[in-house]
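Engineer: The following block contains the structure, expressed as structure tokens.
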């Protein structure tokens, strides 16, 4: 294993240049193998988990979901505040910022982005909760691609460009995650669901985040500094892939749902009655044909 790791490190050095020594010896960042193994295990659980749960009752997970989402909300808020203050103290340049120009402020950014990398590992739990609750329709190509790729990308970011221009996307993403995980935490409490109206706008915020990241990254290409250009081109390409997938998700989830509701509403009027829609707006499906809802485990 050590020989393989040494060979891998030599290959990465030839491809990407020398690593940033400021993260040398840091947990999970010294070599790529643990991150790769975690990603493989994640993909195996995505594949095998639904098969294992097929003939089992779904778990509720309500209590642990509240704690989990609250924890990620607070972690995201901490990272956002620390990144903003670090950028302010280091007088970071919006258009392009190198990785060795702000002294101690760079180290502050690096320490926060280490937590950002760890948060991508923690967020694998999003998928595991979907599996345990048998919400398999939420395990989409977008969901798996985003979760699996972010952990791996940020291992490389932390080893080669752990500060400087790398801060912007992580700062925006941390802010979006404050909104997103607070929403998911509140939605875990049934009595709160009727008051949660902003899920649609979270997706819009995510799309705006990607567009702003492309704009800010492009500034580093147009007005270059000491930050490696190859990383900027890669980030632009990755953001484009996320925009394509999130736009498709948005259209499939909201535009088609709205068109379907308008069609059903018109049909109900033509039949001389209007159906109640509270079951849908409150995130519950109405019962039809006297079919009882399946029981959830209270684990």
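Placement of Cβ uses the backbone N, Cα and C atoms for every residue, glycine included.
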Engineer: Which is it, of 3-23, 87-107, 150-170, that Swiss-Prot names as transmembrane segment?
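Structural biologist: Within the set 3-23, 87-107, 150-170, Swiss-Prot attaches transmembrane segment to 150-170.
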Engineer: Ranges 184-204, 226-246: which does Swiss-Prot label transmembrane segment?
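Structural biologist: Swiss-Prot lists transmembrane segment for residues 226-246.
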Engineer: Looking only at the recorded stretches 26-46, 64-84, 226-246, which one has the largest tally of CB-CB distances under 8 Å to the transmembrane segment (112-132)?
Structural biologist: 64-84
Engineer: List the residues of the same chain that sit at least 6 positions away from residue 1 (N-acetylmethionine) in sequence and have their Cβ under 8 Å from its Cβ, in sequence order, or write 'none'.
Structural biologist: 33
